[in-house]
Every structure is written in structure tokens, then in C-alpha cells.
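Working notes for the structure below.
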Amino acid sequence: MKRKLDENNVPTPENSGPKALEKTFETLHLDPRLLQALTKQKFTKPTLVQAEAIPLVLSGKDVLARAKTGSGKTAAYLLPILQSILQKKIANPTQKSISALILVPTRELAEQVQNAVVSFSSFCGKDIRSANLTQKVSDAVQRAILADLPDIIISTPARAIINTNSSSLSLNDLTHLVIDEADLVLSYGYEQDMQNLAKAIPRGVQTLLMSATLTSEVDALKGLFCRSPVILKLEEAEDEGAGIAQFAVKCAEDEKFLLTYVIFKLQLVKGKCIIFVGDIDRSYRLKLFLEQFGIKSCVLNSELPVNSRIHVVQEFNKGVYDIIIAADDQEVIGEIPKKGSKTPEQSNGENGDEPEEEKGFSDEDEVEPPPSKKRKKSTKEKDYGISRGIDFQDVACVLNFDLPTTAKSYTHRIGRTGRAGKTGMALSLIVPSELYGRHKPTSFPTAKNDEAVLAKIIKRQAKLGREVKPYNFDTKQIDAFRYRMTDALRAVTRVAVQEARTKEIKQELLNSEKLKRHFEENPEELRQLRHDGELRPTRVQAHLKHVPEYLMPAKGKAGLTSGDIGFVGLRKTNENRIRKARDRNRMRGKGGRKGGRGGGRKADPLKTFKSK
């Protein structure tokens, strides 16, 4: 007989009053195979959103749930859907039909949901089949997958409507519709797709909307798909960010690079870190800069193949990489409209008002980003997103290298750390208005409004009972590193950034093909594929990787030199480098005195001339 243990692992009697009513996964009447999978995944008890939503979904009601990031919303809708499919298979084992359609705004989130389905159905894999339509396969392969009628379909709205219009995706037997991250779906440009899907989905389908916020976009989706839904406004959402220590540093534009170098080289931040920058060029500039000091990092942006992006996140969660530089460029390239914009799908999106239940935050809390001088067409995938939805695990620090343009985006960024009751740190680098534009090579347009955005962020966090504290560095100790930062930053030219950007895209395209083909058959070799290799700017200065002892702060020496720091070579050997280079050039046919191929004349005509 199993004993019920409380949170302190102390056995509780059955008639212990209110504690006996505490919900567990067993009390939710889930299939034993699902319970076994939950135990394998180390799920001890349901979170608030799971305890409230699962019984409602099992009873057949439409649900609109607001819960914070990392609260377990994915399991809250997947478990009851899997339960209903298993019950259907018990009644009719041979029946095949598409029972659930799960819509997500990004490919990364689709892959995450697909992995969750596989995990939860690990002990009933023969009965549960799922398909991810966002994977880049040929149309013929996708039609073959859909023709087999998998039980669960995960897709973006665009892919779903394409397959529906081509009759590849049959929704006639659909019983469940899920819209995950519902507040983002319309702001990613899927409004027309959602309206078309609303016409294609049969009546009576149970609809579940999951969202971190309740915005007017969620209300629009509720009107399209739901029938008198039960609205869950969980109080647990009030605790979002409670375990995050928030700091801000005011610095010049080039000092952002200096502070970042000092933070990671002196190990002022322990653990994994996500660095948010404004656009893709900034991500490669920062990566090349850190490479000068031997600091490895991964770049995550919309230009990389989706397989590579997913693999980077997976390896980061496993602890293979410690630093991710994420290009959160949605606001910079014009995808978030200006105030007063009449765009239907975005007028109340990222810069939009929130209803009264969202603590009274409104458009006045957002700062409009400066207009771009050159309106270039964006090459960014609309189904890419990094600051929302993706399940980054055990992130110790979020570094806002470039401050976002809205207080809401700031909240979503720092939500990558301090998840599941853990603590975290968020550090933002702020450029004062009087220092903006002083250093042209590192200047960034959105930094012009940093102080105004910071004021709104402080105001919003204060309403939540939290504080953004100033982070004070010892300027005298930091100035000692300034000349090294200047040398490294000078080497990272615009040409070097473009070359690195092109090189990594080509390499990741190759890696992406390998991920799809070769590594499916050789999973052990997948570990050899790394995304944090050096991109090599035009001028490499090996001495910058070593920090001289005289630059080390007194308090930091013990921590960094307690162990063997190893041999630091400066590429100097006992060989004569000039003689070695001369021999190498002679072998390449670049001239020389002994037997060079095409290296000039074999004999001096003046020396062979004889006069009598």
C-alpha cells in the first residue's frame, strides 16, 4: 500500500482534515501509464494550473487559462488529451483519427510540445501517435504522415491551414483544439490563418486557450473558438519573477562590451546565462568580441536553420553550453507597430493594452522604439521567437545587453530565469541619453530611449512589489581592462561580422542536414556537433585570452587561481619563425634560393658572364 507523503516527505494520516483534499496526480484519475510516465519525469504533484485545469478539461469544458511562464501549462492540456485518447482506444482499438490539434506560434515551441507528448506517452507509445508539421520535410512526406491519421497534430496556424486547404489534414473527427501561448499567436501575423481555421474546425470541438497574459488578442481568439469557456486567472501568476534579483547598470555604449567581458572573464556570474541583443549583427559582434578573450558562446537567431536552433536549446539545457547570445529583434525590425497603428492583428499586441485584471498596465507603460531610417524588408521567420515559450532550464542570469523597447518584453525576457521556484538574476545595461551616439561603431538605435524604458520598467515592477536595484562596479578596477577591450573591439569590424554571419549560416545549414539524416541513425555522434566554435575575426590576438595577474582584483584572485590555470601559450616556439615561413613559401612556389618552382631565375646572368 502506497503512503501519501506531504512536501516534507512526512506520512500524513488519511483523516488529517484539509490536507487530505490536496490534489495529486492519482486523484486526477489519470491512466496508470500516464502516471508511470510522470513518475519517470520526476513530477511529484500537480502545479496550480494543472490541478485546476485537468479536471475541467476531463469534464469536457472549454478552458481559458492564464498562468505564468514555467508553471506547467503544457502538461495541463496534454495530460487530459492523452487520457481521452487512451479511453477512446480502449473502446475501439483499431480506430484511427486525428483527435487533437495543438497550435503554437513558433517552430521551437512546436518541437518542445512534441517532445512533451513523447515523454508523457512513453509507456503507451503504441497507442499514441503524434506529428509535428513544422519540421522541414517534403510535402510528399508530410502528406504520407497525415494520411496515417496520427492522434495529435502540433503545428503553427500557417502550416495547419496549408494542409487543411490541400485536404491533407482532415479535421472531421477532431475533438480537442489547443492554442498555446494564445496571446502571441495573432501578434505573429496569424490572424487570417486563425479565421480560416475557425471556419474549417467542426462545431462542438473542445477548445483550450493557454496564455501568460489575458490581452485583447486572447479575447478575439475566445470569440472565434470558445463556447462559454471557464476562465482561470490563477493567483500563482502574481509570483512571477519573485525569485529574480533585478539590477541595472548605466554605462556608455562601448562600456557594454567592457562590462560583459569583465563579468564572464572574472566569473562574476555563476551558471548558465542568456544574453539578449537587439539584432542579428549585434549577436555576432558580441560573439566575436568574446572569442578574443577565449569566452565561448552560441548565437541564436532567426537566420539559423530550425534544426540547429532546436539543437542549441537542447544542448544548452543539458549544460553543454553556458552562454547563449539571443537576437530578440522583433521590436527592432518593425514587427511591433507604432502607437496608433490600425493593424488589426497587432494594434493590441506587444505594445497593446492589457485588461483591468492585469493590474492596470496600459499603453502608457510602453515606449515607442525610434523609427528606423532604412525600412528594409525583414528576412526573419515570423514563426521564430526566443523570449517567450521556449523552456530554458536552470538559467542563472539574463543579461539585457540591449534593453527591450517595452516593459512587457522586459518581463518576458527575465522570465527565462527564476523558473519553477528557483532564484535568478537579471542585469540590464542602460545607456544614458547624454552618452548615446558617442561611440558610433557600437551605437544602437533603441538605446536612445533606454532611460525612458527603464523608468517604465521600474514603475511596472514596483506595482508588483519588486525593485530594480542599481548594480555598482568598481570603476578603478574595470578601467584596468579598458585597453584590452579596445583592442578586441577594434578587431571586430563590420566586414568581420558579415563574414562570421555568412560562415555560420553555411555551417549550420550543413549541420542541419546532418541532424535530419545522419544523426538520426547515429545519435552518439550528435554530441560531437557543437555550436560554440570560434568564428575567427580577421585579426586574432591570442594574448587577450590570458588575464595578467596585475589586472586581477584582490578578491577575485583566490577564486580564479585556486586551481591549476594551465599553460597559456603565445604561439612562440624554439624554431626560427622567419626561416620556417621562408621554407613554407618555397614549398608553395613563392620563390627562394634553392629549387623553388617558378620562383624567379635559376641563375644570376651577371654572375655567369665572363669577360676576357
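Glycine is no exception: its Cβ is also placed from the backbone N, Cα and C atoms.
Looking at the stretches 72-75, 104-107, 180-183, 316-319, the one that Swiss-Prot records under the feature motif 'DEAD box' is 180-183. When the motif 'Q motif' (23-51) is classified with DSSP, helix, strand and coil residues number 16 helix, 0 strand, 13 coil. Within the model, the motif 'DEAD box' (180-183) carries an average pLDDT of 87. Long-range neighbours of the motif 'DEAD box' (180-183) within the same chain, counting only residues 6 or more positions beyond its ends whose Cβ lies under 8 Å from a Cβ of the stretch, are 64, 73-74, 77, 102-105, 109, 113, 209-215, 217-218, 221, 388-389.
Note: the ATP site is recorded as Ala67, Lys68, Thr69, Gly70, Ser71, Gly72, Lys73, Thr74; in the same chain, Thr47, Val49, Ala76, Ala212 also have Cβ atoms within 8 Å of that site's Cβ centroid.
Secondary structure of the motif 'DEAD box' (180-183) per DSSP, as helix, strand and coil residue counts: 2 helix, 0 strand, 2 coil. In this structure, the binding-site residues Lys68, Lys73 were compared by how many other Cβ atoms lie within 10 Å of their Cβ, and the smallest count belongs to Lys68.
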